[in-house]
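The structure appears right after this line, and notes come after that.
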Amino acid sequence: MNQGKIITVSGPLVVASGMQEANIQDICRVGHLGLVGEIIEMRRDQASIQVYEETSGIGPGEPVVTTGCPLSVELGPGLISEMFDGIQRPLDRFQKATDSDFLIRGVAIPSLDRKAKWAFIPKLSVGQEVVAGDILGTVQETAVIEHRIMVPYKVSGTLVAIHAGDFTVTDTVYEIKQEDGSIYQGSLMQTWPVRQSRPVAQKLIPVEPLVTGQRVIDTFFPVTKGGAAAVPGPFGAGKTVVQHQIAKFANVDIVIYVGCGERGNEMTDVLNEFPELIDPNTGQSIMERTVLIANTSNMPVAAREASIYTGITIAEYFRDMGYSVAIMADSTSRWAEALREMSGRLQEMPGDEGYPAYLGSRIAEYYERAGRVRTLGSQEREGTITAIGAVSPPGGDISEPVTQNTLRIVKVFWGLDAPLAQRRHFPAINWLTSYSLYQDDVGSYIDRKQESNWSNKVTRAMAILQREASLEEIVRLVGLDSLSEQDRLTMAVARQIREDYLQQNAFDSVDTFTSFPKQEAMLTNILTFNEEASKALSLGAYFNEIMEGTAQVRDRIARSKFIPEENLEQIKGLTQKVTKEIHHVLAKGGI
């Protein structure tokens with residue numbers, strides 16, 4: 001422990017002298033109030049400290065005490081359904097302890113509840129050899145999540161004691177005799193530095209799709225479990241709703257939602273909606289699998305920078321248990337702005353638009369902690385982290401540094417489009433500018449698992465949309481009626497794909513989520529209409545006759561998005577109805 005004194009205060013940056021024994025990334029207690037800060041730069045005996053609380057009223061001469069430890073999070077039972085701030089302070093217990101709706105400065109509250117007792121069930125017995133990552137036992141944390149207590153990193157040896165029963169997170173639950181003869185006494189909780197990624201046995205290639213229930217994503221721009229995706233878009237394009245939809249319905253075990261520098265009412269929406277929503281995979285409340293990290297725009301800027309790392313470290317902990325985890329960061333642009341502010345106050349050489357020169361490497365550090373891995377431990381298991389980051393470029397300009405650095409790393413780009421949002425087409429993901437580099441892997445995985453021709457259907461549907469885009473300029477110049485019959489059909493089918501398939505109402509109880517079998521049935525109906533109508537045109541039928549003769553079945557295809565999942569056979573039955581009605585048109589015309 002080293003004590004210095006403040007010489008300069010500049011917003012969230014405090015410079016202290018007499019800190020020659022301190023290290024970079026040490027946590028400090030700043031001023032008489034004991035504010036939490038982290039050393040981010042050392043020059044001789046002077047330390048530059050990033051303070052995670054409001055610094056007003058702090059002045060030169062006040063003491064600074066280092067703890068000698070890096071910024072770390074507590075990992076153990078009690079994380080699920082909890083809401084933390086950027087440095088893992090529990091907001092509900094903070095409010096009860098301080099009796100204030102605002103963050104009182106200098107208050108230290110442990111992240112995990114020290115009074116709560118958890119029922120621990122051992123899975124190993126005394127005398128067994130254990131290594132780091134082995135599962136010692138379990139705690140049923142919620143109705144959905146079984147919390148697996150693991151041997152901490154760098155601990156191995158013989159299990160000499162393990163107890164069943166109800167324990168707090170600090171009680172000694174097991175003892176391990178290590179190779180040097182020392183006894184390690186372990187509890188239900190472990191700590192981990194947030195800026196250091198948790199070690200794994202092996203990184204694997206992600207192949208299994210993350211099913212989100214959003215048709216435009218699952219069909220055209222899928223992300224895998226263990227993948228990384230970015231959602232850039234201008235104000236009002238629907239970034240937050242896309243993030244909320246994925247958090248609600250993605251087929252993962254755990255969701256970490258990081259509200260980083262965005263509006264507080266968005267976190268309020270999460271708190272109001274999530275407890276009432278039922279997870280379609282488990283039948284339980286979605287909050288039973290969710291961890292919330294709230295660092296809204298009215299909270300200290302410096303803590304935004306920590307919130308992303310706090311979230312990804314908690315995600316890695318659950319991944320090491322063998323769970324699939326999705327982490328949503330809304331928005332990484334606000335996090336980058338916090339980096340820019342601290343860099344400016346440190347008087348570092350600025351890069352593009354004032355962002356620090358190391359912006360790209362910091363963004364890469366975050367997204368590279370996602371992935372599919374084989375975890376440590378003698379019991380073989382796999383875990384995944386899927387990282388989905390919203391980016392808020394000013395004015396929707398994706399050429400700005402945060403978006404460009406993000407796109408260099410992630411493999412999925414869901415580009416939200418202001419003109420689509422203005423036309424009330426939601427989700428406003430532009431199918432011509434977005435891309436997914438997982439498309440081939442996911443397509444072959446689904447073809448193999450479902451024994452279907454899914455990837456071929458997706459290719460055909462995208463070809464229709466691209467053909468529509470190439471015809472649009474001709475239509476604007478000379479009108480729709482001047483096109484050939486075949487091109488008029490292409491325009492009509494493309495409109496069906498856009499309005500009846502890609503458009504989705506997040507606030508409709510049925511349309512908000514579409515399972516994969518339902519997506520396939522809906523797309524098959526539209527493509528069958530295109531195929532049969534195209535054949536009819538080649539046999540001599542007229543476009544207008546086909547459209548009039550199939551008006552009823554096309555209306556039913558359009559309404560199929562509102563048919564509940566349990567009535568899937570109704571949607572599948574429309575395929576034969578389409579063929580029958582087009583044959584009827586041909587017969588009526590004597591063809």
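Using the three backbone atoms N, Cα and C, a Cβ is placed for every residue, glycine included.
Copied over from Swiss-Prot, here are the features:
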BINDING   G233, P234, F235, G236, A237, G238, K239, T240  ATP binding site
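Features recorded in Swiss-Prot, as mapped to the structure shown.
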{"residue": "G233", "record": "ATP binding site", "Cβ contacts under 8 Å, 6 or more apart": "K239, A390, V391, S392, P393, G396, G415, L416, D417, A418, A421, A428"}
{"residue": "P234", "record": "ATP binding site", "Cβ contacts under 8 Å, 6 or more apart": "S392, P393, G395, G396, L416, A418"}
{"residue": "F235", "record": "ATP binding site", "Cβ contacts under 8 Å, 6 or more apart": "S392, G396"}
{"residue": "G236", "record": "ATP binding site", "Cβ contacts under 8 Å, 6 or more apart": "A418, A421"}
{"residue": "A237", "record": "ATP binding site", "Cβ contacts under 8 Å, 6 or more apart": "G396, L416, D417, A418, L420, A421, A428"}
{"residue": "G238", "record": "ATP binding site", "Cβ contacts under 8 Å, 6 or more apart": "L416, A421, F426, P427, A428"}
{"residue": "T240", "record": "ATP binding site", "Cβ contacts under 8 Å, 6 or more apart": "E262, E266, D330, A390"}
Residues within 8 Å of the G233, P234, F235, G236, A237, G238, K239, T240 Cβ centre (excluding the ATP site residues themselves): S392, L416, A418, A421, A428
Structural state of T240 (ATP binding site), classified by DSSP into three states: helix
Count of other CB atoms lying within 10 Å of the CB belonging to K239 (ATP binding site): 25
